[in-house]
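The structure appears below as structure tokens.
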């Protein structure tokens, strides 16, 4: 059986963790360049800039900065301000996770045409998600260690330690291992458990509401259309990618294994959220109301009350001219071949007489 706490095992996992971070960084940068036509269309003026895309850009590029700073921390060989470096890594990384879920939420709200019964619960969950991850940006204390020639985490603020005392009193079986852990390790593990489970719960709510909103619009849509044309596959990816780090933190093999899946989860979540903006059709410029791709050409839809209100606020009323046209088929006026031959002599004679009289 593997001894997860042995120095040899920790050394191997540290190497694997470093290689995985570099691989995820290369994969994500490749993804950014693959979809860079979206930003190029905005700079060239071919695409109108929307306020919703603020979260898209924050999610897209804060993760690049976070992983880049994390890779820089692996190469530290001289004393630096490790506290500032780790704070920047946490801020940029958590900001990317927050904005990825917010990007998915905004599209779900658009699918439901901004109904208050959907908007209010989603915004409440989003604010709770923001508050949790924002608090988690500033709980780590790090400093440079001369013997290790690297930055090491020295302390964490135990924001969620009340959960451990509650668990020990209630004798929850799957949390029984907390009583054998140190206070610092419990705080770190609970912090990551709360982050990933809250992210999974929030993304699951968004996924269910998004699918229900699509089905109520188009009952005959196939599973293939829902998954790939309407982007449900991206919502599934954003939800499921947080499962592995949550499971590893719950098992708590060692400190490295608790963190080894966090970077891939953040990368996959950011890619899935950004793909809903770059790969799926844009919302309508006039009313921002989402229209199912299968019904745009077959079933014209009258704008809703919300669309009329939004249009009246942004654009003043202007006169309209309705033109009615009749279709005339030229075959109705073409003479038959027999009539042409019968009338040809008379036409010729008439033209000769007229020409003679004119002379």
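Just so it is clear, glycine is given a Cβ too, placed from its N, Cα and C backbone atoms.
Heads up, TrEMBL stuff is auto-annotated, nobody curated it.
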Of the residue ranges 152-171, 232-251, the one that TrEMBL records as transmembrane segment: 232-251
The transmembrane segment (232-251) vs the transmembrane segment (84-106): 3 or more CB pairs under 8 Å: yes
Same-chain residues near the transmembrane segment (15-33), Cβ under 8 Å, at least 6 residues beyond its ends: 60, 63-64, 67-68, 70-71, 74, 256, 259-260, 263-264, 267, 270-271, 274
Distal contacts, the transmembrane segment (84-106) - CB-CB under 8 A, six or more residues away: 52, 55-56, 58-59, 62-63, 65-67, 69-70, 72-73, 122, 126, 129-130, 133-134, 136-138, 140, 142, 151, 153, 195, 199, 202-203, 206, 210, 234-235, 238, 266, 269-270, 272-274, 276-277
